[in-house]
């Protein structure tokens, strides 16, 4: 009798979980219709196992979300001894491109350290600092090689900033899929890709990101620990990737959206709405 009772409870739990995942899907489809948007979402656990998703295998432009794995590559080089965080990277005015606040601030000195550039790329989405790091690691091809090294066979970087943000429909360059990027996040933060010191630093940077207050974290409960890296590009691209801790469980998440008919503020609100849909799913399945 106890065995039958346990089976009944398991069946009820499975049915409830399936119902919540269906609600998750229908809520995202409703957002897509209302906003004339395409929304890609992947949520995985620390092992990279799928929790939920929508358009998980569809390619989207990475936009600036690649700056998080770029920073991870920089930390890997530091961990292995092939790079030093305090090494000064010299540059001139030619490194100043659109949206380079930290690069402009350090221009008078003629250099930034490796860690200063990496932090600016993650927390400010500084394009000049990003290109400076790409110069040092060997260009976009080296970034793609790192993706492959950590098990991501999908994500690719082909150009530097700002060209990589063109987001031309049908162009495979500089793209990823939600599931590929979510698993890359999980690999970096939970899979031992970096030393504990480097992992802690990059987590702290993501939590202190200055470009994402209106996106995913705006849709998550205030008591969740959230760290993320946003991305914005042409033709309505607005993205957010990172991690969150909810009810003592860790998750990696990737959200990619294309909404060319919306304003910049409305695109932020769209990503925040996706965060609310994710919240509903997590709270209902973690009971």
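Including glycine, each Cβ sits where the backbone N, Cα and C put it.
Swiss-Prot lists 1-18 with the feature signal peptide.
The annotation disulfide bond is assigned in Swiss-Prot to 63-233 on the grounds of experimental evidence. Proximity of residue 233 (disulfide bond) to non-local residues of its own chain (separation of 6 or more, Cβ distance below 8 Å) is seen for 61, 63, 64, 164, 165, 166, 167, given in sequence order.
The DSSP secondary structure for residue 64 (active site, nucleophile) is helix. Per Swiss-Prot, the feature active site, nucleophile maps to 64.
Under the heading beta-lactam binding site, Swiss-Prot lists 67, 125, 161, 232. Applying an 8 A CB threshold to same-chain residues 6+ apart, the list for residue 161 (beta-lactam binding site) reads 64, 97, 98, 127, 128, 130, 131.
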- Task: Please work out the number of neighbouring Cβ atoms within 10 Å of the Cβ of residue 125 (beta-lactam binding site), leaving out its own Cβ.
- Result: 25
- Query: Within 8 Å of the centroid of the Cβ atoms of 67, 125, 161, 232, which other residues of that chain place their own Cβ, given that this set defines the recorded beta-lactam site?
  - Reply: 63, 64, 65, 99, 121, 126, 127, 130, 165, 230, 231
